[in-house]
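Note sheet for the following structure.
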Amino acid sequence: MDAFLLQILNGLDKGSAYALIALGLTLIFGTLGVVNFAHGALFMIGAFCAVTVQKFLTLSVETIDPEKTDFLGNPLKVKTPYVENWFGPDIGNAIIDWSVPLAILFAIPIMIAVGFIMERGLIKHFYKRPHADQILVTFGLAIVLQEVIKYFYGANPIPTPAPEALNGVANLGAIVGLDLIYPVWRIVYFCFACLIISGVFAFLQFTTFGMVVRAGMADRETVGLLGINIDRRFTIMFGIAAAVAGLAGVMYTPINSPNYHMGMDFLVLSFVVVVVGGMGSLPGAVLAGFLLGILESFASMEWAINLIPGINQIIIYLVAIIILLVRPRGLMGRKGVMED
Amino acid sequence: MSKTDVSRRGLLRTGAVTAGGLALPTIFTAQSASAFTNDPTGGTVTLGFNVPQTGAYADEGADELRAYQLAVEHLNGEGDGGMLNTFSSKALEGNGILGKKVEYVTGDTQTKSDAARASAKSMIEKDGAIMITGGSSSGVAVAVQGLCQEAGVIFMAGLTHSNDTTGKDKKANGFRHFFNAYMSAAALAPVLKNLYGSDRKAYHLTADYTWGWTQEESIKAATEALGWETVNTVKTPLAATDFSSYIAPVLNSGADVLVLNHYGGNMVNSLTNAVQFGLREKQVNGKNFEIVVPLYSRLMAKGAGENVKGIHGSTNWHWSLQDEGSKAFVRSFGTKYGFPPSQAAHTCYVQALLYADAVARGGSFNPCSVVEALEGFEFDGMGNGKTLYRAEDHQCFKDVLVVRGKENPTSEFDLLEVVEVTPREQVEYPVDHPMFAGGQLGSCNPGA
């Protein structure tokens, strides 16, 4: 029972990342009609926003400690972060410790700006081109972005830990007498994902801006005829989608140390999530994200691997095939989307 | 009656042409009998450094390349000479190899077997490389070693830890200085027994490819010989990034030790995930839960940050060793690049020097001469104590380091501390050991 519940938690946690990325992908596809293969790169750039903030906060002044030597036998250069000098060791260390949550504040404007630049600078030129062209150009952009990150940050993963206070484990089953230990940060990540997803849905549902965007998604031409500049709103939505992916990346860094390739690791899975959820369907993307996350977790269990060897590697694709055979438009797909 | 006009001059001319024609194949045959692939005829000799320059192991590849560049400098008599000053063989004089200046070309393995073979092939066929060396993966090493055997050039393996490289996939033209999975297990097991006792239950998570399989087999055999029970062995996809769904079952498995047969990014992520799930604070069977990482890489350990603290594993070499060879290499490398070398850099540097020395001692670049010079070669002063290149499988036998993630590092490089230097005798095994069974070394191929 404990193992079963643990895998559900794992699935929800994995699904959080899938859902956030797939949500952004669907927002872009639903509004601009662009299949954005650079979306994984946005997730990766978000993660590197956290790395950058951490590096920035640990910028240090070097002093020589004559009593210690470095690996070459020279006097050791001791690094003391500026924030420690400015605010004292306690506050300085606390600021560094909370670098990942602080990075959210940094990542939001950066990711919106990256989204704007990406959309205005490149992707808008491909709106009227076939989806194959859009895929090629955005995939190429993703490769360029990851190589740029590798140039500046190297190929190795960079540890970006969670704050000490959120770094341990919590026994979620203590109340009902179960031994259900789960990492605190992963719980935080799941809650954060739910918050972001709710925020996006509320924004689209309860604001005038969101209403116009939804109308534009349903019938772009008619909204345009009403004199509304839908393109500008869609560009803003691209920025918001980029921010969602970026925030997913920021918060993911304590779960796995970020590296330049992490966007690609999520990209294909996220596209499968979008297709399974239904192209253009925001609730579908979220539902499919969590569903496939849970299925992937269960497929990693021993009994599943013993039953069907290799199931842990193919489960998502297998389920995608089955769902598309049974429901060609995906779980919550809309009629007419990508069917022309 | 027919009349034939045969003049003396015509007869001589025809005879000379016929004789020349008949001799022609013999000339070619005689030439090819003494030649070999990419025989260097000018004043230079070209070595091929095949390292990952892109992909997840690009940083490790960059460190390998730094080491090779340093080795080339030292071979050509530049710099401070590094390990040439401590190497027990004195055949190298700092004037290149056999008086020919050493030049090099580089290839990108991308840590993919097909890409690595393509880049090695290009360096051999287009650039005239006489020896190929480098790499950060056993899959790549086995693939490139096979190619070099066919092409008739020497392959000096870089970082490859699978038993298969000098086991079932061994080749006469291939040589490995790096240690292997069996040696890691043989070195680690006694230390684990001392630390954790002989009544333990181990759970293995294993990367699902050649290196992972041999690593798991080796550690499992060594720990079971101690009296440990193996509770479960689970193969994880090489492409996996989040190991939480593999770690979760460990919590309720009854195991009190988790063995992570992972390397590189897999190791960073699986170790990070295991620590996140509180395994290190967990008590099982009345004992502290322990995590073991059989193959450590300092470059990669850096990615796991604080999570490596107190975790035991093994490594081929570490920059903190205090023998003269290691100190000389660290000094050369550190002065040139500003940071200490990795174990990958060390093994690549040593391999380049060992190849050059074998050519010098054999007096020829012919691969068969190099093979003869390296087989059974015993040397010292290269950082791992007295070392033997065993003739039967071309595997180096030397001391192995058991290391632990350092609790209080003094710098970003000071991540591991050496717990024990396991003597060579303890990690040796017979040539016909079952874990290395299958495959034939064959005979050297000079190519051409």
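Note: Cβ is positioned from N, Cα and C throughout, glycine not excepted.
What TrEMBL lists as transmembrane segment is A:15-35 (among others).
Here the transmembrane segment (A:42-61) has Cβ contacts under 8 Å with residues 17, 21, 24, 79-83, 85, 95-96, 99-100, 102-103, 106-107, 110-111, 114-115, 145-146, 149, 153, 158, 160, 241-242, 245-250, 252-253, 258, 260-263, 266 of the same chain, all six or more residues outside its ends. Taken from TrEMBL, the feature transmembrane segment covers A:42-61 (among others).
Residues annotated as transmembrane segment in TrEMBL: A:102-123 (among others).
What TrEMBL lists as transmembrane segment is A:189-213 (among others). Away from its own ends, the transmembrane segment (A:189-213) comes close to residues 9, 12-13, 16-17, 19-20, 23, 27, 31, 223, 228, 230, 233-234, 236-237, 240, 244, 247-248, 251-252, 255, 282-283, 286 of its chain (Cβ-Cβ under 8 Å, at least six residues beyond either end).
Outside the transmembrane segment (A:233-254) by six or more residues, the chain places 16-17, 20-21, 23-25, 27-28, 31-32, 39, 42-51, 100, 103-104, 107-108, 110-116, 118-120, 123-124, 160-162, 167, 185, 188-189, 192-193, 196, 200, 203, 209, 212-213, 216, 262-263 with a CB less than 8 A from a CB of the stretch. The transmembrane segment annotation in TrEMBL covers A:233-254 (among others).
TrEMBL lists A:266-291 (among others) with the feature transmembrane segment.
Taken from TrEMBL, the feature transmembrane segment covers A:303-326 (among others).
Ranked by Cβ pairs under 8 Å to the transmembrane segment (A:266-291), the stretches A:15-35, A:102-123, A:303-326 are led by A:15-35. Beyond the ends of the transmembrane segment (A:15-35), by six or more residues, the same chain brings 42-43, 119, 123, 126-127, 131, 134-135, 138, 189-190, 192-194, 196-197, 200, 213, 216-217, 233-234, 237-238, 240-242, 244-245, 247-248, 252, 266-267, 269-271, 273-274, 277, 279-282, 284-286, 288-294, 337 to within a C-beta distance below 8 angstroms of the stretch. Listed by sequence, the residues of this chain that lie at least six past the ends of the transmembrane segment (A:102-123) yet keep a Cβ under 8 A from its Cβ atoms are 32, 34, 36, 38, 42, 45-46, 49-50, 52-54, 57, 95, 134, 137-138, 141, 235, 238-243, 245-247, 249-251.
A Cβ distance under 8 Å defines the sequence-distant neighbours of the transmembrane segment (A:303-326), meaning residues of its chain 6+ beyond its ends; these are 269, 272, 275-276, 292, 295-296.
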